[in-house]
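Chemist: Relevant sequence annotations retrieved from TrEMBL are reproduced here:
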type	residues	note
DOMAIN	29-160	domain 'Adaptive response protein AidB N-terminal'
DOMAIN	188-291	domain 'Acyl-CoA oxidase/dehydrogenase middle'
DOMAIN	302-460	domain 'Acyl-CoA dehydrogenase/oxidase C-terminal'
DOMAIN	466-587	domain 'Acyl-CoA dehydrogenase 11-like C-terminal'
Amino acid sequence: QQKQVLEDLEMPLVRRQTETLFQEQPQTGNPYLEDALLRSYLKTHLPPKVLEEVNRDLEKFGNRLLTKIQPLGWECELNPPVFRQYDAWGQRVDHIVTCTAWRRMKEVAAEEGLIAAAYERRYSNWSRLHQAVKLYLFSSSSGGFNCPLAMTDGAAKVIESLGIPGSLKNAFDHLTSRDPKKFWTSGQWMTERRGGSDVANGTETVARKQPDGTYRLYGFKWFTSAADSDVTLTLARVADAEGQVKQGSSGLSLFYLKVRDEEGKLNSIQVQRLKDKLGTRQMATAELWLDGAKAELISAEGRGVASISNMLNITRIHNVIGAVASMRRMICLSREYARKRVAFGKLLKDHPLHMQTIARMEVQTRGAFLLFMEIVRLLGLVETNMASEQDQLLLRLLIPVTKLYTGKQASAVVVEAMESFGGQGYMEDTGLPVIVRDALVLSIWEGTTNILSLDVLRSLTKSQGQVMAVFFSTVQKKLELASSAMKLERAMKRMRDAIGSLAQFTQAAGSKGVVAMELAARDFSYSLARIYAGALLIEHAARPDASSADISAARKWCNQELCPVATESGISSYEAEEVLADSALVYEGNPACGR
């Protein structure tokens, strides 16, 4: 009997040496049908006829994502681009080799109208929102192809804002085509060796005018995303007859160029190398030498920064789309895993602490989603000349606020969601680390958190305070419409307290110095994001057919610190002496500081 007991104990150990880990993989379904918040939002806001058509299109697209596009996205991850500088005979070719799946993604983007839908205006002011929702569903399955689409959309927007001049009509038609054989993607070549956001002082590329009216560009582009694109927009300084250029932002002009000529040869462009990035490895990002690249001046001379602003607004919105999509994807996987994984004798979904953690991520994702929907709704009004002056001011404020806030949210949520899988979350072949890596760029690309926080302050100054008046009145209207919802009473009180605190800080801002406002910029932007998202969540939860989840999300969102700028101001965090204190804290013990 004793021998039998020992054998019974030993056998499982023997088997374990040869067994592999076995856990049930989380399986998600049609991403549109499983997104309750998205569907309820569309039902609430879209006109019935538009809703009927859009709903049919999105359900069909969701099925295609599940069966066809997701496998292509994973193939893109497994087969990143390769740079082949020379051919077998020593001839320089500078060929960026992309996989079949990447090229197929381009065809899918055209077929689904992922750019075209916004410019055809089939649904009037709702066309932009329809396009944005498709991009949101596409993003996490796109294998990184959402990035070139962002710049393509931005380029199309710039050309449209210029009135689609005759010389750019062909380019616009290609960028907005539904025909895979005609569809072009665009790059956005801004960053040079001196850095990213400071294009006014960092741009060294020179444009020399030619006798035929075109220009030749000479310079080094240090970070060019989607380097395999067909065309691009870029900034350069026009040289005068003496070869001199004007420095600063007023010396920058905007140019359009084709990457290759009619024979398929590079347009006097040399590829230095592909960038070795942490994430978005599916997409080719390169360092490029422009050695006389033929280009067309498309802005007024010296008005390049103003002309490119339309592109930046669009690409920042795409950044928001990527952020919200990555959060939604990770939560979908996490909640599905919780239904299957058993730990400590019960399913993860039956552990209260585990569900609390996922619920907190869900609340953040819902707030981010409604901010995203709000800016694309406003953009749709602007694009169809239906926006009031207040709508335009609000959009100008909310784009940088939403971009900076959702970028930080995405980083936090995807890392938390990865942790919810335990050790499996850290395994490369689960696909989870890819989502995490790709999400980390979202707080950096198209302006870091601090850069955009300062941009928010500029929008206040430029509008002479009007934008804040619009912000407060819009939030108040949303709360008034929800005032009869008894279940939201506590959330409403916290929101009103936060609005009062923000108003008090804003009124005192005029007497604060430049340094104090710069120190407050990030907390101020966070306060705007949290308060506006809170108003949107309350508005959505006050609908007659709101679900218990809608109400719970609004209440939980409003339980957080809604106005951190008032709290920090109350403890003197923005006083001038804090600058020296921060510097001393950071550099204590650093011998270089004594030099």
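In case you wondered, yes, glycine gets a Cβ from its N, Cα and C as well.
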Chemist: Looking at the stretches 188-291, 302-460, 466-587, which one shares the most CB pairs under 8 Å with the domain 'Adaptive response protein AidB N-terminal' (29-160)?
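Modeler: The listed stretch sharing the most Cβ pairs with the domain 'Adaptive response protein AidB N-terminal' (29-160) is 302-460.
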Chemist: What is the number of residues in the domain 'Adaptive response protein AidB N-terminal' (29-160) that are helix, strand and coil, as DSSP sees it?
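Modeler: So the domain 'Adaptive response protein AidB N-terminal' (29-160) is made up of 89 helix, 11 strand, 32 coil.
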Chemist: Mean pLDDT over the domain 'Adaptive response protein AidB N-terminal' (29-160): what is the value?
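Modeler: Averaging the confidence scores along the domain 'Adaptive response protein AidB N-terminal' (29-160) gives 97.
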Chemist: What are the helix, strand and coil residue counts for the domain 'Acyl-CoA oxidase/dehydrogenase middle' (188-291) according to DSSP?
Modeler: 7 helix, 48 strand, 49 coil
Chemist: Summarise the domain 'Acyl-CoA dehydrogenase 11-like C-terminal' (466-587) by DSSP state, stating how many residues are helix, strand and coil.
Modeler: 97 helix, 0 strand, 25 coil
